[in-house]
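*Asks:* Under the heading signal peptide, TrEMBL lists 1-31. Annotation comment: TrEMBL describes 32-125 as domain 'CopC'. What TrEMBL records for 157-175 is transmembrane segment.
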Amino acid sequence: MTSRLSFRVRIAGALAAAGCAILLGAPAADAHSVLVSSTPAKDAAVATSPAEAALVFNEPVENQFTELAVLGPDGTSHWESGPASVVDARVSAPLRPLGPAGVYTIRYRVTSADGHPVSGSVPFRLTVAGPQPAVPAAAVPVAAGAASPGGDGSMPLWPWITGGAVLLGTGFAVARRLARANV
């Protein structure tokens with residue numbers, strides 16, 4: 001009888017531990033896309049206008065709802081000459097020759113493979129003015145916002161901790177009840 005009780009207690013404890021491991025391990029799978037690199041690079045100083053703005057993420061992004069814009073030093077003029085294109089983890093847009101010298105900003109919004117939107121911006125500096133006039137901001141709308149380091153729109157951690165605590169408590173309660181029933 002004691003060996004049967006001991007076996008039941010061990011099984012209940014193992015199930016509780018396995019449940020906690022599953023619950024506490026799940027948030028890692030909820031990661032969002034993260035910007036790995038950009039062309040031009042963040043805070044780079046370039047003397048000539050780049051032909052395109054390109055972003056590379058740590059995982060493929062969805063083509064749907066992808067937005068990429070390059071804003072001039074005034075913060076409103078657009079310098080992209082066509083829509084953004086997505087190939088796996090790379091998002092790019094062709095650019096017209098840039099205009100006045102100053103800080104330009106690549107603004108982006110992509111959808112991670114897990115379906116969550118990620119947005120941000122990458123500033124770079126043009127050191128030598130180019131010849132082109134700007135296009136008004138109304139011509140190409142882009143969602144503005146701070147970079148999402150993977151936390152925006154994701155599920156908070158507290159439900160996982162609560163679920164783990166409930167599962168662990170239930171496992172211990174079952175083990176204790178089994179121990180009392182066989183004494």
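Cβ coordinates come from backbone N, Cα and C, glycine included.
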*Asks:* Reported in the order helix, strand, coil, what are the DSSP residue counts of the domain 'CopC' (32-125)?
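*Replies:* The domain 'CopC' (32-125) comes out at 0 helix, 53 strand, 41 coil.
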*Asks:* Averaged over the whole of the domain 'CopC' (32-125), what is the pLDDT?
*Replies:* 95
